[in-house]
Amino acid sequence: MTSPLARRRARLAPLAILLTVGAVLTAFPFVWMLTTSVKPLSESRQYPPQVLPSEVSLASYQRLFEDLDFGRYLLNTVVVVLISFAGLLLMAMAGYGFAKFRFRGKGVMFALVLATMMIPVQVTMIPTYLLLNGAGLTNTLVGIALPALVSAFSIFLFRQFMMTISDELLEAARLDGASEARVFGSIVLPLSRPILAVQAVLTFIAGWNSFLWPLIIANDEEKYTLAVGLSLLNQQLSINPPLQMAGASLMVVPILIIFAVFSRHVVRGFTMSGLK
Amino acid sequence: MIETIPAADAATHRAAQPASAAAARGRSRRGALTPYLFVGPAFALLVVFGIVPILVAAGVSVTDLDLRGLGDTDAVRFIGLDNYRRLFGDGEFWSALGNTGIFIALGVPVIIVGSLAVAIALSQSSSRFFRLLTGFYFLPAITAIVAISLIWGYLLNGQFGLINYVLGLIGVDPVPWLSDPMMAKFSVALVAVWRASGLNIVIFLAALQSIPKEYYEAASLDGAGEWRKIISVTVPLLRFAIFFVTVTTLIGWMQFFDEPYVLTRGGPTGSTTSISLYIYQQGFQFNEFGFASAASLVLFVIIFAVTAIQLRARRLSHD
């Protein structure tokens, strides 16, 4: 005689084992990346390969910063991410404008915003390069951040969220003599904290990982981001795996930390961007 | 007396109304600019980087703009539809188009069926352990493609890659994962599937959670087993999520670029050059901006047509 709980457990156990195997296989490449990054060079090309290093060596990380220019790439990446946060404010403003005001041309403007979601980046990349080149912004960090600074989808999400803010509250603040900027800054933004948190995490991840725009816009090594610098290490494959894996870890570990801390926000954000 | 009070009331009311309307109008006139100030900056950026490029691409695609033309606009000539003619006569274009088709055929069904299966399995329990597992499956979706390609390039390396070593243990000869034209297509698609599944799993999980428990209870009362419930309750109710994942996955794979660019640079001998990679190479390696723009517009038309057909098919199946 088995209890329903025990039966349920027994039914779930094989499933849990299968799922665990799948999860370990999915995450294994990251384990391999981390362990290889601290291996001495000779050991990384050893046959048979060892998962765990015999000794921990930080030489590869040291080389990234001393012989190669990864310190600069890291700094450039941080600057690009910071610039993208300015875009976050612009998108919140636009979402508020579309959610809470009636104005001439609103329908057409909103339709245009949504239309940009359907345009593939391959169509825009050459004209965007030509435009930025004309404006003298190629090979600048602003130029790298600019094409992806605002996204139609985030504006849409801000609008959806801000439509739920009560009109009476905003009207009351206006009657008390608050300026429009103040209404936005001290009522709308604080009330939008949940969506801001989600968007901030997504903006960080997108800016940190972005590859295509830095690749196209940055011609000069001075302006490379981590992603572009790392893609140059690609040619080193047969020569120096630990160096490559150290570079990869430098890009991946901050995102893993962000994910561990904000996983709820991240998953919710991606789900929203998926289902709407 | 009694009658005059409402009259007086009405009079003051009548007097008050235009006054307050005027005040409101005054406020709205002062505030008429406000919405534009809020919406304007983001809107302008979207127009410049989202809408204008299409017009520029269309204009550039009928010229012979190249690197020389960037510096000296007088050297740019209008050449009509020559770029399009050249494109349709280019064997590499057709082979890139064919490769993209093969990638889609290899990857899209696996992603949809695989992530649906994993999501249904994960939804069987809401314990902490299952939530932790979800996080693991999601990891590849948020990590940088460049890093991912380096890691997989190392794992798949023909000489000292871990995967060939493990296969060797069970007696399989070394596989030329990235150096054989046919295997390279498969490997690139494999990495893309690994990376894309996490997001779709999470989307399916969210949709699964919105299915009311009563449906399953009713099915149990009717004597349905676990498999029966999945086929007759879960899958039909996930119709919209499945449709959504199919459309977005297909759009994404028609634009397939990252994995082949970083893993193989389109090689060996062009066997992993997708249509997006072809456009990138024409534009930024050969600096043929006019020609590449023509190719990009052709891709746009293909994506638009495929998406429109899917939306139409869905509408028809609903009627």
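Quick reminder: no glycine exception, Cβ is built from N, Cα and C everywhere.
Automatic prediction, not curation, is the source of TrEMBL annotations.
For A:12-34 (among others), the entry in TrEMBL reads transmembrane segment.
Under the heading transmembrane segment, TrEMBL lists A:73-96 (among others).
The feature domain 'ABC transmembrane type-1' is assigned by TrEMBL to A:73-262.
The annotation transmembrane segment is assigned in TrEMBL to A:108-131 (among others). Nonlocal intrachain contacts for the transmembrane segment (A:108-131), taken as residues 6+ away from its ends with a CB within less than 8 angstroms of a stretch CB, comprise 94, 98, 138, 147, 152-153, 155-156, 212, 216-217.
Long-range contacts of the transmembrane segment (A:137-158) within the same chain, counting only residues at least 6 positions beyond its ends with a Cβ under 8 Å from a Cβ of the stretch, are 76, 79-80, 83-84, 86-88, 90-92, 94-96, 98-99, 113-117, 124, 128-129, 192, 195, 198-199, 202-203, 206-207, 210, 213-214, 217-220, 223, 225, 272-273, 276. The annotation transmembrane segment is assigned in TrEMBL to A:137-158 (among others).
Same-chain residues lying 6 or more positions outside the transmembrane segment (A:195-216) and placing a CB less than 8 Å from one of its CB atoms are 77, 80-81, 83-85, 87-88, 91-92, 121, 125, 128-129, 144-145, 147-148, 154, 157-158, 161-162, 189, 223-228, 231, 251, 254-255, 258, 262, 265-266, 268-270, 272-273. Annotated transmembrane segment per TrEMBL: A:195-216 (among others), in sequence order.
Annotated transmembrane segment per TrEMBL: A:243-262 (among others), in sequence order.
Through the fold, the transmembrane segment (A:12-34) approaches residues 51, 245, 248-249, 252-253, 256 of its own chain, all at least 6 residues removed from its boundaries and within a Cβ separation under 8 Å.
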